[in-house]
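S.K.: Handing you this structure, nothing more for now.
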Amino acid sequence: MTTAQRDSLLWKLAGLLRESGDVVLSGCSTLSLLTPTLQQLNHVFELHLGPWGPGQTGFVALPSHPADSPVILQLQFLFDVLQKTLSLKLVHVAGPGPTGPIKIFPFKSLRHLELRGVPLHCLHGLRGIYSQLETLICSRSLQALEELLSACGGDFCSALPWLALLSANFSYNALTALDSSLRLLSALRFLNLSHNQVQDCQGFLMDLCELHHLDISYNRLHLVPRMGPSGAALGVLILRGNELRSLHGLEQLRNLRHLDLAYNLLEGHRELSPLWLLAELRKLYLEGNPLWFHPEHRAATAQYLSPRARDAATGFLLDGKVLSLTDFQTHTSLGLSPMGPPLPWPVGSTPETSGGPDLSDSLSSGGVVTQPLLHKVKSRVRVRRASISEPSDTDPEPRTLNPSPAGWFVQQHPELELMSSFRERFGRNWLQYRSHLEPSGNPLPATPTTSAPSAPPASSQGPDTAPRPSPPQEEARGPQESPQKMSEEVRAEPQEEEEEKEGKEEKEEGEMVEQGEEEAGEEEEEEQDQKEVEAELCRPLLVCPLEGPEGVRGRECFLRVTSAHLFEVELQAARTLERLELQSLEAAEIEPEAQAQRSPRPTGSDLLPGAPILSLRFSYICPDRQLRRYLVLEPDAHAAVQELLAVLTPVTNVAREQLGEARDLLLGRFQCLRCGHEFKPEEPRMGLDSEEGWRPLFQKTESPAVCPNCGSDHVVLLAVSRGTPNRERKQGEQSLAPSPSASPVCHPPGHGDHLDRAKNSPPQAPSTRDHGSWSLSPPPERCGLRSVDHRLRLFLDVEVFSDAQEEFQCCLKVPVALAGHTGEFMCLVVVSDRRLYLLKVTGEMREPPASWLQLTLAVPLQDLSGIELGLAGQSLRLEWAAGAGRCVLLPRDARHCRAFLEELLDVLQSLPPAWRNCVSATEEEVTPQHRLWPLLEKDSSLEARQFFYLRAFLVEGPSTCLVSLLLTPSTLFLLDEDAAGSPAEPSPPAASGEASEKVPPSGPGPAVRVREQQPLSSLSSVLLYRSAPEDLRLLFYDEVSRLESFWALRVVCQEQLTALLAWIREPWEELFSIGLRTVIQEALALDR
């Protein structure tokens, strides 16, 4: 920058600050500077202050200078203002050269700093102000947080805690992980990490104890961030646009009021169970998750909300809409369970009584469980509950027949302890497993007295829970959703005892008639439901699920196998955690001892060191359900697993037989479409049956539909008969003929299927009335460029693309002018993620693509050296190999040309860094060196010369030729251009006199030649056609020679015709002061 430019910069900046300096100094406005501007200011300051050192802190005054120097006075004013500025925004625009140091030493009072695109290694002076910053914004600059927080940018110092920083915004960066530098932000309240690439927060957010607002949206998180003590203050959590499948850990954020989980991967509403403990939650967003598409999404979500959220239902927002009270009531009518989600309470926390703990806790915390509802539940559960010989802690008074039960209690104490241990371990439905758990030969004795029915245990509902539906309602949902149903053998005896005991109770209470009617109705439903219970094939096994290849331990549960399903049943509440169909089971096996020893052991279990691990493979589409691994926790684990395998082996054998029959029908032979290699698919590797020995099921990655020769996945199944007659083969080829509705490729309008049939003749003019059998149609929008017929896509993958991993991106059917070729020819321009292809259209598009497409050119994308958008956006020039090769795409429609350019630039930006070049798109400008400059009129009143440019077709009888139409305020030109010529071709020589003198001689040489010209004053009228809306005729009349002439033109879209008429009409009507005559005819007459 010269001295004059530097002084001009100082004057302009000083003038701006003199006018608006008060709002800058008060902090109401932010001072925004480009980094080159700040560098020039620092250079000027250093000329008068000397070298600036990092040790200079505090307010600095300039040395005294003569007061008659205006530059020095402006400089001193600027220096004083910068030292008192409170808010600064630095914007860096990357240039071709290296970036020099960016010093912020003059800013001594900063409280708010924003960095956009600033290279942090060039930033100096942050160490002097970081301890006083209150707001920090850094975007498009960060690779790791420690670059800014620990090293203070280019200062490379060891920062102490940022004591004053309250808000930090690190969005739109390239962060892939967090680091320990976040612990320096001890006072932070607002943190924005959105639009990065973070996959796991680990524990780096646990030190932010004052954090109130956390935005970590649009990252790649798989787990909810761990907050630790910092979660106590968190009120707003935004996790939108991540990859969450589970909300485990969210229950720790008890004060959360705003939660955004939109656009994640939450599949079922049961994943929302942690929301049960978020009593302060008032806003929830689930839009875009798979569960959001459930027809009863709002009602299903309402059952997992905290009771306090139900109390505030009128103010609760779900997906931006107020949650109505009807949403809380709908789940009962729909059969949705209003039961609270399971909580991670340890086994053994259930109280000794079967009825559960004192309900006063639930009443005080939730405020929605009322005593009348409890009585209603008791009346429903009474018939269903087994006989338990102890008082219920939910009764106002113990109801016993013996007024002095002390002796009876001592007599029955051993049996009570045994039953209590069962209930403590297995929950309310402990009778379901009694036959498997009680000692042989010592069945539980029938107690002579009965206790009042009690409420369900707290472990099955959790605090603040709403009452469960009645058992008839629960069983009405079918055996798949009611695993608590007992088998007939186990439940027969308790039912008979219950009838007798209830009868005695009702005689004492005077309710025998009403209770008898209720019992009779419920017993009929019970007998009907028992017939639908699936028979158990073996005893339940106590197991611990292992998740993922690492074997992460889950919660202990029971594994039940029935005639049709395999259930994972919760220990305490006996709820079904997972239901898997046996018909989908493919393999069942025991992992070897070495693999089992490497698997983690659940803490607190007394299992043997050699506990077996059971692996089950299912044929589900969802990856999470394809493999189930269980650590067997039974005392006789090996015997129990063998018993289970004896049941599951016949099921897997049937699955293998069905798979073999299916492969026999397919004859098991494939052919690769890329290399022609024929091969048989590999047999599925199922554990011990594989040729390579045992292999863990979760490591299976083989796919039989991949060619072993070239790795391509484009394979077809060979026909059953190898001797197919030629007649059938021809019929098969004819069956590939496209349907009239097919749209194999997108191309600009008007080009149709007109081909360059003659070697030296130009392509025919566009005709929108004949598109051939491929029904080519223009893309209505940019996304249409990526749409391609499946037959053409297969042809590109097999015959054109040279790499097996090459992927199609977009294509455009367009005329192309290629350097070294005469004229232009129709091409299919295809862009992949590796190369750009030109496929010449050589024939009618009625046969397979190989018969009418010929590969002409393949250019690696990293070799592109120039992209230029032509005049009016009607052409696109591509250069490669430093200009050694070039071509011009001629869509002649600005919309399609710009759409293709945007797609091409997106593909170039997505290339790997090693392949990415620095090519950027430019736009052709008309300068004095331009080929059209001598034809334009110079207007002294305007800076730029006015003209209208259009690539069109000149209709000459039944044929057409390519021309360019150039309009100036006084003249109309028809030009012949060499589209593939160099952009720096010599322009037509300028001469005085008539324009005809400027016409260069024909033949090789200039890139443009004036074919014909007419003064605007000779234009008499314009002729349009209803049947051909892209055609027009300009009629001329020369008053001197009294001759009439016309130009019959054709454009590619009606928008161009409208713009052409609008540009002509204004100067013509200004010249004659009357309206331009426009005549519309019905049909196009080619003979005139």
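Positions of Cβ are set from backbone N, Cα and C atoms, glycine also.
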S.K.: If Swiss-Prot marks one of Ser482, Ser599 as phosphoserine, which residue does it mark?
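M.R.: According to Swiss-Prot, the phosphoserine annotation belongs to Ser599.
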S.K.: From the set Ser387, Ser996, Ser1017, which residue is assigned the annotation phosphoserine by Swiss-Prot?
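M.R.: Going through Ser387, Ser996, Ser1017 one by one, Swiss-Prot flags Ser387 as phosphoserine.
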S.K.: Which whole-number mean pLDDT does the model give the repeat 'LRR 7' (255-276)?
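M.R.: In the predicted model, the repeat 'LRR 7' (255-276) has a mean pLDDT of 93.
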S.K.: Across the repeat 'LRR 5' (210-231), what are the DSSP residue counts per state (helix, strand, coil)?
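M.R.: Each residue of the repeat 'LRR 5' (210-231) counted once, the result is 4 helix, 3 strand, 15 coil.
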